[in-house]
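Sharing the features that TrEMBL gives for it:
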ACT_SITE  ARG294  active site
BINDING   GLN109, HIS111, GLU136, HIS275  Zn(2+) binding site
DOMAIN    169-256  domain 'Phosphomannose isomerase type I helical insertion'
DOMAIN    336-376  domain 'Phosphomannose isomerase type I C-terminal'
Amino acid sequence: FPPAVFPLSCVVQNYSWGKVGLESEVAKLVASGDPLVQIQPDQPYAELWMGTHPRGDALIRDNRIPQKTLGQWIADNPVCLGAKVKDAFQGHLPFLFKVLSVNTALSVQAHPNKELAAKLHAQFPEHYPDANHKPEMAIALTPFEGMCGFRPVEEIVSFLQNVPELRALIGEVAAEQLERSGSDDPRGVSAALRVCFTRLMKSEKKFFVDQLNMLVKRISQEAAEGKDTSGSNGELLLRLHSQYPGDIGCFTIYFLNLVRLEPGEAMFLGANEPHAYLHGDCVEVMACSDNTVRAGLTPKFIDVLTLCEMLNYTPAPSSSKILPATQSQLDPHVYLYDPPVPDFTIMRIEIPASIKLYLISAMDSASILLVIQGTAVGTSTAAASEMSLRRGSVLFVSANESISLHLSSPEGMLLFRACCLL
């Protein structure tokens, strides 16, 4: 039998928003996983892609396997996905697993549902490269900040009353409509919110740049005088403006929840949910798609009309965006992050130092295993030889295969395992 459990060498994306050199968790993992890699101290290391995406297909680190990449190997051995996954996702790995190291904000964006993705892909294939939806889940590795979903209306109204520059952009009529909309009429609230946000995003460039400059100047002065600027979300505004001066995205902080995650906490981003990651390191898993509709905090193609049309305008507190992990019934060392979509699940596996032998159990799905901390030797009947695992190691595990870990580190182990539980 060809090996069905094997190590991977994964592709790094050096996007400009990434943390630089060894400040980046991505760079640290890569350097630790492969000591031959040279980390450039002034280069951003933004994302590590663990999967079969054509722009970052993982290389197989096992010279007994004739296929060079994981995508080629799965195409030739689709049974490895597990029977249900293979049928449900037409012989493709349904998820892309990543590590992100965010230094400056990512664009304000949302990902389409399947219906919209198919339409956008048919009309504008150069901007929307496939017809799939792209729900995502992020789990913090370090304290992590992002914006996600529309704030409760009372918070937005409070900013409309405290930030005259924001009110000027939206206009008195739309602002009053939101202020008058009652919680007993959720459709009315969503409609008013849609009007306000669309007016903001479609405001005339020269007008919003003037208003933004006035706002930045006013908040800078207030901060210099030691005044409290939290009523205008001053600290975040100045930070985003320093990263993306003159960008309409700076105003989205008054509409979107600020979500702060501690290590191990997760947020789930469903279709049409507006979001922007701001700072920190996380593991992320998503449906295998590249469809992103952007509208600010970015030099890339922006599609304001599509974004404003597609968004989910349901206000909700930031706490509602955090997806709790549940401890596995079968194994107390496993915590499950199981989002409301079928495409992916993540397991966090925490093995205490007292345990010297641990079984990564077989499941009816292919999975990708990432070591965040600790060292072990892994053995599997499906592997060609024993595998040395350390921080940054990535393994592909075919469906119905297990791995025995012989732990050798005094601090125990932390691993994340991405899979598809149908």
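The backbone N, Cα and C atoms fix where each Cβ goes, glycine too.
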What average pLDDT is reported by the model for the domain 'Phosphomannose isomerase type I C-terminal' (336-376)?
97
Please give me the binding-site residues out of GLN109, HIS111, GLU136 that lie within 10 Å of the residue listed as 'active site', comparing Cα atoms only.
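So the list reads GLN109, HIS111.
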Would you mind splitting the domain 'Phosphomannose isomerase type I helical insertion' (169-256) into helix, strand and coil residue counts from DSSP?
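Counting residues by DSSP class gives 67 helix, 1 strand, 20 coil.
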Determine which residues of the same chain, besides GLN109, HIS111, GLU136, HIS275, have their CB within 8 A of the center of the CB atoms at the recorded Zn(2+) site, and list them by sequence.
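Apart from the listed residues, the neighbours are ALA110, LYS134, LEU269, GLU273, PRO274, THR292.
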Which residues does GLN109 (Zn(2+) binding site) neighbour through Cβ under 8 Å, counting only same-chain ones at least six apart?
PRO274, HIS275, ALA276, THR292, VAL293, ARG294, ALA295, THR298, LEU307
Summarise the domain 'Phosphomannose isomerase type I C-terminal' (336-376) by DSSP state, stating how many residues are helix, strand and coil.
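Breakdown, helix to coil: 0 helix, 21 strand, 20 coil.
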Looking at Cβ-Cβ distances, which residues of the chain lie under 8 angstroms from HIS111 (Zn(2+) binding site) while being 6 or more apart from it?
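For HIS111 (Zn(2+) binding site), the qualifying residues are HIS133, LYS134, PRO135, GLU136, LEU269, ALA271, ASN272, GLU273, SER289, ASN291, THR292, VAL293.
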